[in-house]
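The disulfide bond annotation in Swiss-Prot covers C122-C156, C224-C285, and the record cites similarity to another entry as its basis. What Swiss-Prot lists as N-linked glycosylation site is N116, N210, N588, N605, N980. Taken from Swiss-Prot, the feature region 'Non-covalent dimerization' applies to 177-195, supported by similarity to another entry. Summarising the annotation, Swiss-Prot assigns signal peptide to 1-35. The topological domain 'Lumenal' annotation in Swiss-Prot covers 36-314, 485-1067. The annotation topological domain 'Cytoplasmic' is assigned in Swiss-Prot to 367-484, 1089-1135.
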Amino acid sequence: MRILKLLELVVKVSLFTIALSSVLLAFLTFRATDAKVEIIRGDHPEIYDDSAENEVPTAASIQREAILETLTNLVLESRTPGTRQIREEKLTIPISTEPATQKTISVLDLPNNCLNASSLKCEIKGISTYNVYYQVENNGVIYSSVSDSAEGLEKCDNSLNLPKRFSKVPVIPITKLDNKRHFSVGTNFFIPESLTQDNYPITYNSYPTNGTVSLQTVKLSGDCKITKSNFANPYTVSITSPEKIMGYLIKKPGENVEHKVIAFSGSASITFTEEMLDGEHNLLCGDKSAKIPKTNKRVRDCIIKYSKSIYKQTACINFSWIRLILIALLIYFPIRWLVNKTTKPLFLWYDLMGLITYPVLLLINCLWKYFPFKCSNCGNLCIVTRECTKVCICNKSKASKEHSSECPILSKEADHDYNKHKWTSMEWFHLIVNTKLSLSLLKFVTEILIGLVILSQIPMSMAQTTQCLSGCFYVPGCPFLVTSKFEKCPEKDQCYCNVKEDKIIESIFGTNIVIEGPNDCIENQNCIARPSIDNLIKCRLGCEYLDLFQNKPLYNGFSDYTESSLGLTSVGLYEAKRLRNGIIDSYNRTDKISGMIAGDSLDKNETSIPENILPRQSLIFDSVVDGKYRYMIEQSLLGGGGTIFMLNDKTSETAKKFVIYIKSVGIHHEVSEEYTTAPIQSTHTDFYPTCIGNCDTCRKNQALTGFQDFCITPTSYWGCEEAWCFAINEGATCGFCRNIYDIDKSYRIYSVLKSTIVADVCISGILGGQCSRITEEVPYENTLFQADIQSDLHNDGITIGELIAHGPDSHIYSGNIANLNDPVKMFGHPQLTHDGVPIFTKKTLEGDDMSWDCAATGKKSVTIKTCGYDTYRFRSGLEQISDIPVSFKDFSSFFLEKSFSLGELKIVVDLPSDLFKVVPKKPSITSTSLNCNGCLLCGQGLSCILEFFSDLTFSTAISIDACSLSTYQLAVKKGSNKYNITMFCSANPDKKKMTLYPEGNPDIPVEVLVNNVIIEEPENIIDQNDEYAHEEQQYNSDSSAWGFWDYIKSPFNFIASYFGSFFDTIRVVLLIAFIFLVIYFCSILTSICKGYVKHKSYKSRSKIEDDDEPEIKAPMLMKDTMTRRRPPMDFSHLV
């Protein structure tokens, strides 16, 4: 009976269970299962349950108290299961809210899962220099977050490399690849915010928004003032900033300074080290950048310490050489005496040194007979020809009193006793170590070691807010009106501003102050503005700013930041502050803001022609063609080269200087931009599974996005069912994936359209000073000379139509690069726009791109292996074209400088013959104009334009008081003349007179008044008016090594002038040949004098000849006529 009752009970329970399951199954067929989102990159899968997170509204209404409503809805929706709505419907957020229902709710009372990461399951997905990208899971829901605080993330997965804190210095992204080398200070995660359907919800510093995540290179941002320094020791400059925190650092272009930014508040002092004064470093502080000028600290210290004493300055500056001379003297006298005295007591030291250096000693002893100065070890001086006695070189140790009859080292006999032993035997070791040559070498090494110890002890040197009327303001970042006593953003308005058609009314809450004023708002602003703060913004800043305020909130207003050094408008300043908040609204505007650079760090050193290092050549002609002298000049097309020509004819008294300087040579490439490619940092996946139906059924809840979509069906069968889903061979899982790109490592791909050889050539001298760009296509021509390029090399391996890559290091790369819209497996995928938006990718993912998993009663998951095309890893196959970084001009062309000759530069100069004749009368100069622009006592100088009319053709010398000129001679033609002249002045030459001396004749001077001088001090960190800087420049100009080198080559100018472009090379060859010739004659003269003195040939001798003796055939004095009958005496004990 008990068994029957038990069976009856089991049957009843089974029937009840089946009935209940049928009811639940019927109910669930009309409901979708919860969706999950999975992010995976590499070995780090991340699973999202987005049934609630995809309902997160945007942050468009945060400025007007809607953040409370948004967070409240977020909590309610995460707890309430509901049907997943279409993405377009989710993005429509009502702006109007009822603030009365929100005032009792505090933001702090609402849960924030991103801030509670320490108590929840979390995982670090990416770490940049200034923030972190992570996910937090709570009740099956995963939230994506980007934060600039590491607090509470220590227990997260992958937190091993997480820093304790991130730097709080403000930064903005760099979009120009050319600027990354100069201003990059690390990376930062940004949120490109937009409301398109391919984006996804994400939280930045607890503020929810919709967008994508992008890793960008960043530069410093902020108001910073750099105080100039006169560079007197200790080379310190001061920086100040009104902001609460600011960053600065010293950076060399291309250097990795990711974690070297120094934060400060208020003011700070920076002392430059000697390495920073090499002319290659820049001081970066906020928006400002300043080039640290090249300064020889050792020289400048000496100039300052021994000012006005040229002898002491010279001794101080050259103290490094004086140190070496002192050590050489110490080694030659006291140290050598000490070593000779301690040779016997320190025999163990020499045995040890001989053992260590035995291979070197063996080689030197065997090759000694081939050395030029081999006899110097015996006390004799010779160059090549003299022979030495073998015993002098090969004497054994003092333990043996006899020398070897024949020196084994120098012997050529094959049956010598020592040849029976190996080179490594003890016999050879004792012989080699104990030769006089080896002992002398070991003593010399000992002396050098002692000298280096002493040398190390010798010192190195001898020596924007918006105001209503009076007290009511709008401050960016605060959604309420505040009073002048503003300290932090309040919870409600502190004042009221009513903008009417004819007047403005202002009132301060809590007081009886009401002020009226005229309506002086910005005109022609047609937009709707209802609240008081909106009306004020429309009135003072305009509708464009109001649109940003309403739709693009500022989470942090940076009220102390004005960005005055960049000259931005109010809208630009607002967008810059949004970038500081980590939000990118528009790539084009971001590119414009990040491309603004305040300071001189990008300024190129426009140096004048370095005449002191250029070769000189004299040209003499007396033939006249069409009334002109024609000079045909050829120069090698090599950057940095040039020649100074001294032009004259047989009748002229003074030569005319004509300088040709090739500033740079390279290839100008015209290109068209194709796309940008970057590595994938991580991947975001969003999918939705259904229990029954197919892909069409799934797409009703998960709409197609247009690219990188996928759908898997069927997904419901036995063994792969979610709870209470019993469908067989039905169901589908559909969704999409989005990549997060590391724009910091992006490459821009260009197609080469055209290549042309160009040269920047500067002409100075009698024609004034001017620089022109000459191409191989069109010859350059003016009234006095013509220039043409004959190229040997055209494009150096870059062919027309080839794809090239401009890398993050500003170098150019070539190789196998994929064409646009070509899915080939070569470098060039993913293909993106500048801001990381895909322009070519897979429309639908294939089966090999992903995998999915399920369980009998668990939820389904999708793993994305490759979201679109990814061939960035093939960049290792690219070849770097040039070692010189390049800059692109408007993404349409670039100049690739070359350091080798590309051909020949041919110049034809036609000078009127009247230039070489004495003028018959004083010329008449009219309509004169001399205007200058530049700085005083600086390397740039004053750039002046001299214009006048002349009634004669002549050559003239020019001068002006207190100024040195780039050229002191001009070729004046009849009629209109225009010259570019650079003047370096110690005083303002305004209203002074420049004097022209026709044909150098001081009796007929012509004066030209300086009409206008505009002084523009360069924005740098050194005061060029410092007397020490002036004295240093004077010292350097007076002690140029290049000037001395040119001076010693000058005797060969006449011969070398016949070799054209090989002028300087021939001078060097002739100088070297002359030096060797002098040494050879000195060697012969020395040998003759020594023999003359040694044999006393200066005494008169008479020889009595004996008739009985046969005639002596050989001379009395012959080599080796006297044979040594005993070994040389040892005097070492006397030393």
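A Cβ is built for glycine as well, from the same backbone N, Cα and C atoms used for every other residue.
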Checklist outcome for this item: Most isolated by CB count within 10 A, of the glycosylation sites N210, N980, is N980
Next on the checklist: Across the region 'Non-covalent dimerization' (177-195), what does the mean pLDDT come to, as a whole number?
Outcome noted: 82
Checklist entry - What is the number of other Cβ atoms found within 10 Å of the Cβ of C156 (disulfide bond)? => result 21
Next on the checklist: Counting across all protein chains present, how many other Cβ atoms fall within 10 Å of the Cβ of C224 (disulfide bond)?
Outcome noted: 27
Checklist entry - Can you tell me the three-state DSSP label for N980 (N-linked glycosylation site)? => result strand
Item to check | Between N210 (N-linked glycosylation site) and C285 (disulfide bond): CA-CA distance (Å) | outcome: 33
Checklist entry - Which three-state DSSP class does N210 (N-linked glycosylation site) fall into? => result strand
Item to check | Same-chain residues at least 6 apart in sequence whose Cβ lies under 8 Å from C122 (disulfide bond) | outcome: Y134, Q135, V136, E137, L153, K155, C156, D157
Checklist outcome for this item: Counting every protein chain shown, other Cβ atoms within 10 Å of the Cβ of N116 (N-linked glycosylation site) number 14
Checklist entry - For C224 (disulfide bond), what is the secondary structure by DSSP, using just helix, strand and coil? => result coil
Checklist entry - Where does C156 (disulfide bond) sit in the DSSP three-state scheme? => result coil
Checklist outcome for this item: For N116 (N-linked glycosylation site), the spatially nearest of the recorded positions N210, C224, N980, using Cα atoms, is N210
Checklist outcome for this item: DSSP assigns the residues of the region 'Non-covalent dimerization' (177-195) as 7 helix, 7 strand, 5 coil
Checklist entry - How many Å lie between the Cα of C224 (disulfide bond) and the Cα of N210 (N-linked glycosylation site)? => result 33
Checklist entry - Any idea what the Cα distance is from N210 (N-linked glycosylation site) over to N980 (N-linked glycosylation site), rounded to a whole Å? => result 58
